[in-house]
Amino acid sequence: MSPQTETRTGTGFKAGVKDYRLTYYTPDYVTKETDILAAFRMTPQPGVPPEEAGAAVAAESSTGTWTTVWTDGLTSLDRYKGRCYDIEPVAGEDNQYIAYVAYPLDLFEEGSVTNLFTSIVGNVFGFKALRALRLEDLRIPPAYVKTFQGPPHGIQVERDKLNKYGRPLLGCTIKPKLGLSAKNYGRAVYECLRGGLDFTKDDENVNSQPFMRWRDRFLFCAEAIYKAQAETGEIKGHYLNATAGTCEEMLKRAEYAKELGVPIVMHDYLTGGFTANTSLSHYCRDNGLLLHIHRAMHAVIDRQRNHGIHFRVLAKALRMSGGDHIHSGTVVGKLEGEREVTLGFVDLLRDDYIEKDRSRGIYFTQDWVSLPGVLPVASGGIHVWHMPALTEIFGDDSVLQFGGGTLGHPWGNAPGAVANRVALEACVQARNEGRDLAREGNNIIREAAKFSPELAAACEVWKEIKFEFETIDTL
């Protein structure tokens, strides 16, 4: 029998619980070009110092756990740990702080938004020492950006595919969103496209339900696209929603869209998941399909000011995962979107290099190192009277999507599409002539309506419609 081993106090590693800030709060740390940087809005529980709370965020989203473990000695914590390197109080709030955390690049799998989010916005958001936690922004270093394919094609390639330049693109979501048969659905698509729209769209919750199976919808929509193209001489598209219960089924639907020769498919990237979205994005690039992204479920994640993830982070994640369009709010319609905040993440979607600008909620300078851009889609409660503001706010590289603002026209879908196209062309021409859309917008629409009975009828229907609620998420 082997002799009993005596355990002496003080030998081996020192077990027990110690303050996170002793290891993970490092105010003297100089960030590296390869670090992923995060800005968290945190609300500590009463009695928890902000330094301890910030260090806890850094620890629990990287290498730390609640107690010292002996396997800490088998690796280099200094190399792999996250570091809370700065904390600043939030102006106007009693117990709220912005904690800045730096993460070494080696903590994350290359080309995986799924792995990135699993760490940075994982279990730490349920940590008891925090009353609330929100990820406000991420700085993605060029070294990590280069591991992603990004959008299947990007803005310039899409314009070349469509042969459409110098103006925003026009779209429409087919309504009612649920309940139409495939044939009636295709008829609605055709009427909108022949009236002058560039795209029509499946609603986000149109997948493959008993009233309209996906294959039937794809066929009737393809017929509508080809017929409208033949009549107008323009390239048309319909966002065929490939979102499905499994990745295999999703890719099967995308493959069928490719066989039909249509230009674009669609995915609900948050409900579908980043792994599925990245897989579909790769398929779309390999097979020449554009990819429209809907952000269903985003408000569950980003609408509360103190807890969750800001949409600018979700937008950056989408640009890495891949998508050629994404819904971004309207500023002027029925859905959430404060102007400066919205324009901040619109720039993060489209531009190659974006400077830090706290007035627009951009916490870090972001260099996308030529990753293709994403077209923002303005959609939700917009109509012809909004056209000047939308053209001025979003510029040419955008998609303006009028659902009820097309299909609600008193004369039908095609006249509704005509009204929107005439309004857009009038606004673009006025802007190119140097007129101020913000000041003269209503007059520009009225002048155009004199020569377009369809636009005049639309102006009359929606002259009193306004959505004047204050945005919840402001700077």
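Cβ from N, Cα, C; glycine included.
Take the substrate site that Swiss-Prot assigns to ASN123, THR173, LYS177, ARG295, SER379: the candidate from HIS238, HIS327 listed for it is HIS327. Comparing THR173 (substrate binding site) with GLU204 (Mg(2+) binding site), their Cα atoms are 9 Å apart once rounded. Separation of the C-alpha atoms of ASP203 (Mg(2+) binding site) and LYS177 (substrate binding site): 6 Å, rounded to the nearest whole number. Just so you know, of the recorded positions LYS175, LYS201, HIS294, HIS327, the Cβ with the fewest other Cβ atoms around it within 10 Å is the one at LYS175.
Each of the binding-site residues LYS177, ARG295 was assessed for Cβ neighbours inside 10 Å, and the highest tally belongs to ARG295. The sparsest Cβ neighbourhood within 10 Å, among the listed binding-site residues (ASP203, GLU204), is found at ASP203. For the binding-site residues listed here (ASN123, THR173), the lowest count of other CB atoms within 10 A around the CB belongs to ASN123.
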